[in-house]
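Record features (TrEMBL):
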type: DOMAIN; residues: B:11-180; note: domain 'CobW/HypB/UreG nucleotide-binding'
type: BINDING; residues: B:G15, B:P16, B:V17, B:G18, B:S19, B:G20, B:K21, B:T22; note: GTP binding site
Amino acid sequence: MRATRRHAYTLTKGAADLLVLNEIIGQAGDPDISRRLHELDHLGKIEYITFSKEDALRHRVRVVTDHGTECAVVLRRSARIVDGAVLLLDDDRAIVTRLSERNWLSLVPRDIAAALELGYQAGNNHWTVRFDGPVMRIAVEGPERNYLDRLAAFFSDRRVTRIDDGR
Amino acid sequence: MTDTYPGAARVGIGGPVGSGKTALIEQIVPRVIKRGIEVGVITNDLVTQEDAQRLKRSGLIDPERVIAVETGACPHTAIREDPSLNIHEANVLEDTFENLDLILIESGGDNLASTFSLALVDYWLFVIDVAGGDDIPRKRGPGVVLSDLLVINKTDLAPYVGADVDLMVREAKAVRGEKPLYLTNCRTGEGVDAVLEQVLHDALVARSPK
């Protein structure tokens, strides 16, 4: 296990007015925390930070809560932001994370040949995919147009069809 | 503002072969040292330690603070699909040099599809150059589109290679939205101060008490 160092540090650039959040106190579902959050919720004193699945991997990031509080999230490497992570909890306020749903591009290839080619294309682009029976889902990171343009040839001759099955 | 030390900020620098990644690091390192920021560098090369040796010989930084990673295969694998080797070396740097504030991780020269895993870095830059062609931004490579900060380097060469820098900027903004981009000439250092300010701001680089 790596050594734990604990000493003071100073954020260097324009961080004087930021609220520093440097630990995950627990999960919103933990019994004790849940009880306190319930009380704060009645007072409108829970603030949420929404992260994308990708940004949740970061350990240092500037964010703004839904109440407009500017925060510096500076976590140790061992920490991991998940949905419902509590970053601040005191008598006056709680700050809790939410993870936004990932946008998936759902595609159905016309036949085995199209499926093979689509799989090659996804792998060649290092796209994150998941398989759901006959549907291949591509995780959209950044503008969706970038994916659609690269798949244009598949759509134009109907080798691949995009579906919206609510997933 | 003080609080518990969380380890060094980890900043990735990626981009095509010859775009100026090492040159940018050579410009950044003396600037951060001058500010009292403790820095270490990890370089990734395919089968050599060329970039690490260049930095070690530069006299800009204690050679012990430079670690070379030989990826042996596709350079992007070591910064994205399986960044464990780079994570390990970053941990080694932190353990060796207490109070390290910033670790710069340079990828091996790659193509426009290269991106960093956010499990490895907190923030990452992508460096392209005008001599690579002024159509690079509109090709919408993931490195150009997804990086936190885009650097367009070698602006001084634009008239000699027929590159339209204004076009590159317009098209880069079109594919990147509001995310920052800067023009640099890393041979002279022009534009590097602005890059550094943005990195220190966005990556929340902290300075430890010495």
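Our numbering is plain: 1 for the first residue shown, then up by one each step along the chain.
Any Cβ shown, glycine's included, is placed from N, Cα and C.
Between the binding-site residues B:G15, B:P16, B:G20, B:G15 has the most other Cβ atoms inside 10 Å of its own Cβ, all protein chains included.
Packing around B:K21 (GTP binding site) is summarised by its Cβ count: 29 other Cβ atoms lie within 10 angstroms of its Cβ, all protein chains included. Local packing around the Cβ, expressed as the count of other Cβ atoms within 10 angstroms, is greatest for B:S19 among the binding-site residues B:S19, B:T22. The record gives B:G15, B:P16, B:V17, B:G18, B:S19, B:G20, B:K21, B:T22 for GTP. Within 8 Å of the mean position of their Cβ atoms, the other Cβ atoms in that chain belong to B:G109, B:V127, B:D129, B:N153. The Cβ of B:V17 (GTP binding site) has B:G109, B:D110 as same-chain neighbours under 8 Å, each 6 or more residues away in sequence. The Cβ of B:G18 (GTP binding site) has B:G109, B:D129, B:G132 as same-chain neighbours under 8 Å, each 6 or more residues away in sequence. DSSP assigns B:K21 (GTP binding site) to a helix.
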